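**Student:** According to Swiss-Prot:
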- 17-215: domain 'ABC transmembrane type-1' (DOMAIN)
- 21-41: transmembrane segment (TRANSMEM)
- 52-72: transmembrane segment (TRANSMEM)
- 95-115: transmembrane segment (TRANSMEM)
- 161-181: transmembrane segment (TRANSMEM)
- 191-211: transmembrane segment (TRANSMEM)
Amino acid sequence: MDIQLIIESFPKLLAAVPTTLTLAFISLLIGFVVSVPVALMRLSKNRIVSSLAYGYVYIIRSTPLLVQMFLIYYGSAQFRGVLSEVGLWSSFREPWFCAILALALNTAAYTSEIIRGGIQSVSLGQIEAARAVGMSTFLQFRRIVFPIAIRQALPAYGNEVMLIIKSTSLASTITIVEVTGLAKQIISATYSPVEVFIVAGAIYLFITFVVSRLVMLAEWWLNPHMRARVGGTAPKAAETH
């Protein structure tokens, strides 16, 4: 094993970390915004609305993210005329847009199920108490249901965040030079895949470790009973959910 190559590759791959994090952040932000209405649609008593949301979630969860990314990036060219007419072709021809769209749609489907589970975990007694004090349905959701649902869903959502960060590596297949894409370029020049991918793996490992600690801290902060259990100080370690 070439230790010198490992040392030299580390700063080079670190230069691609901002690209990886930017892809993940934008995708997660868009995905979360989309996931909330999708989750509410899944819980709707209207069968048409619920079925539409279910169909979207089922299709996304049943197909590989790589296939979804390829369909958006390569498949959009089949509709170039239509996309040009509505002014979207300039976006769809950009790898960044296609990667973010694929990642956002993917995480939105998974996150909607996480949020749906969180909403369903809210006890009926809390909802009835909100009704008793005269809260409207919207106010109940904003002040009671949604905050509790987020606390309940946070551990699972933390896993989704880490999954999307790792999934940004697929963007390298459509010419985006993030950590994995840059690793491939270095490998093509050095013919040493093991050393380079060890460094890339270590970088992903560190990023996901930091995210898991941040999620743990957020979970501790949002749950008063957890703070009381550890005497008001943040826990030094916690299991990854």
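The backbone N, Cα and C atoms fix where each Cβ goes, and this holds for glycine too.
On this model, are these features tucked inside or out on the surface, and what's nearby?
**Tutor:** Nonlocal intrachain contacts for the transmembrane segment (21-41), taken as residues 6+ away from its ends with a CB within less than 8 angstroms of a stretch CB, comprise 49-50, 52-53, 56-57, 96, 99-100, 103-109, 111-116, 119, 161, 164-165, 168, 171, 176, 178, 207.
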**Student:** Report, as numbers and ranges, which residues of the same chain sit near the transmembrane segment (191-211): CB under 8 Å and 6 or more residues beyond its ends.
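**Tutor:** Same-chain residues near the transmembrane segment (191-211) but 6 or more away: 1-2, 5-6, 9-10, 13-14, 17, 20-21, 158, 161-162, 165-166, 169, 179-180, 183.
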**Student:** Is the transmembrane segment (161-181) packed against any residues at least 6 beyond its ends, judged by a Cβ distance under 8 Å, and which are they?
**Tutor:** 13, 16-17, 19-21, 23-24, 27-28, 31, 65-66, 69-70, 73, 95-96, 98-99, 103, 106-107, 110, 200, 203-204, 207-208, 211-212, 215
